[in-house]
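Enquirer: Please find one structure pasted underneath; my questions will follow.
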Amino acid sequence: MAALRVATGAGNWFSALALGVTLLKCLLIPTYHSTDFEVHRNWLAITHSLPISQWYYEATSEWTLDYPPFFAWFEYALSHVAKYFDQEMLNVHNLNYSSSRTLLFQRFSVIFTDALFVYAVYECCKCIEGKKAGKELTEKPKFILSVLLLWNFGLLIVDHIHFQYNGFLSGLMLLSIARLFQKRHMEGAFLFAVLLHFKHIYLYVAPAYGIYLLRSYCFTANKPDGSIRWNSFSFVRLISLGLIVFLVSALSLGPFLALNQLPQVFSRLFPFKRGLCHAYWAPNFWALYSALDKVLSVIGLELKLLDPNKVPKASMTSGLVQQFQHTVLPSVTPLATLICTLIAILPSIFCLWFKPQGPRGFLRCLILCALSSFMFGWHVHEKAILLAVLPMSLLSVGKAGDASIFLILTTTGHYSLFPLLFTAPELPIKILLMLLFTIYSISSLKTLFR
């Protein structure tokens, strides 16, 4: 609600949009929730009941703590509110515990922390220079952007049905982007550094931040042809950025360094023994690769070209701690996915360095880094598509070409999230919400660029 009060300066319409989607989130409280609900309940219990020295060793539940330390402290802070709802949810040994009070607390914790996302959207709207102002309120780029972000279908079903805290984390990312648009580079760098220590999936877009800040902040001037003026390099600015990264990292990892537990923390953050593909396949290159291997193995068995006893029995989509070996095609290692990802992001990184186009160029690079990582990363979750969809919303209200790309990306990306909600009562909800969002996106952007 604090974010809504801040937003009143933009007019009652922004407050109404934020309040409306908040009420919708409340209506979704009784819906299905995934195992991620138990994951976060278990993390509440771990951080509340155990000393910090045991946080990244505790393994009573299979859903061990595998987010960076800032998120662990976030859960710790929430747990001190949770104890007033139901103390039993904070017992590490109460596996799969889900009382009505636990449900209400966890659902409302997501809704409450979304206030940061609301504020970030408000700040992003101040950075947008749309094609035209429009005579009607609903034709204004800022109004359209607010709806596309606040009412984003993907965030609604992933956070408020499936259950996660992506709104809060996306708020940090969007706020850091807004600060770079506002030329408040140090704040933007600080927010992104903090974000990395909340959820390390944002390492996917770190190259865009690093190159942009180095090229457009540490180098203070360009030649008339746009190339770098090398003598404009500011060591003070570089040291300042480095100091921000160092201090944030020290605050996050310092306690575990003192406990000599950094290797254990990193083993939890990067569990490479998990499968190449997530349990619900993200629609990326490796899903096609694994599917092709499966087809070839079936054909090979039918033609008696393969020995059935030598065909691996493990599932290629194992989400826990099981590695999978492909049958016909070469098996893929984490290093191979890293190399493919780096190759995929290099063109956008080079463009950001040699042909900088200001904050919008940075935003394009960030989106391409997110998509490259989604297509070629190791054990990619289907929810990672939101890492590209949300920033793309900012570009969609600026140019017709970007709007077209946004519509394709959101429609396909959001549809790929459907398997997350597989229960019958949620079927009409997800279909209706996606239809409403898609129809609004197409009609509003068509009106904006007509």
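FYI, residue positions are counted from 1 along the chain as it appears here.
Cβ coordinates come from backbone N, Cα and C, glycine included.
Note that TrEMBL annotation is computational and uncurated.
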Enquirer: So which range, 12-33, 56-77, gets flagged transmembrane segment in TrEMBL?
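Expert: The range carrying the transmembrane segment annotation in TrEMBL is 12-33.
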Enquirer: Would you say the transmembrane segment (234-259) and the transmembrane segment (188-214) are touching, if the rule is that at least three C-beta pairs must lie under 8 angstroms and be 6 or more residues apart?
Expert: yes
Enquirer: Mind pulling out the one from 104-122, 143-158, 234-259 with the most Cβ pairs under 8 angstroms to the transmembrane segment (385-409)?
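Expert: Maximum Cβ contact count belongs to 143-158.
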Enquirer: Cβ pairs under 8 Å with the transmembrane segment (12-33): which stretch of 104-122, 143-158, 234-259 has the most?
Expert: 143-158
Enquirer: Could you give the residue numbers and ranges of same-chain residues that sit at least 6 residues beyond the transmembrane segment (234-259) on either side and whose C-beta is under 8 angstroms from one of its C-beta atoms?
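Expert: Residues packing against the transmembrane segment (234-259) from afar: 52-53, 56, 68-70, 186, 189-190, 193-194, 197, 213-214, 217-220, 265.
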Enquirer: Go through the chain and flag residues at least 6 beyond the ends of the transmembrane segment (143-158) whose CB is under 8 A from any CB in it; none is fine as an answer.
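Expert: That would be 13-14, 17-18, 21, 24-25, 28, 117-118, 121-122, 124-125, 128, 130, 137, 164, 166-167, 170, 174, 383, 385-386, 389-390, 393-394, 396-397, 410, 413-414, 417, 420-421, 430, 433-434, 436-438, 440-441, 444-445, 448.
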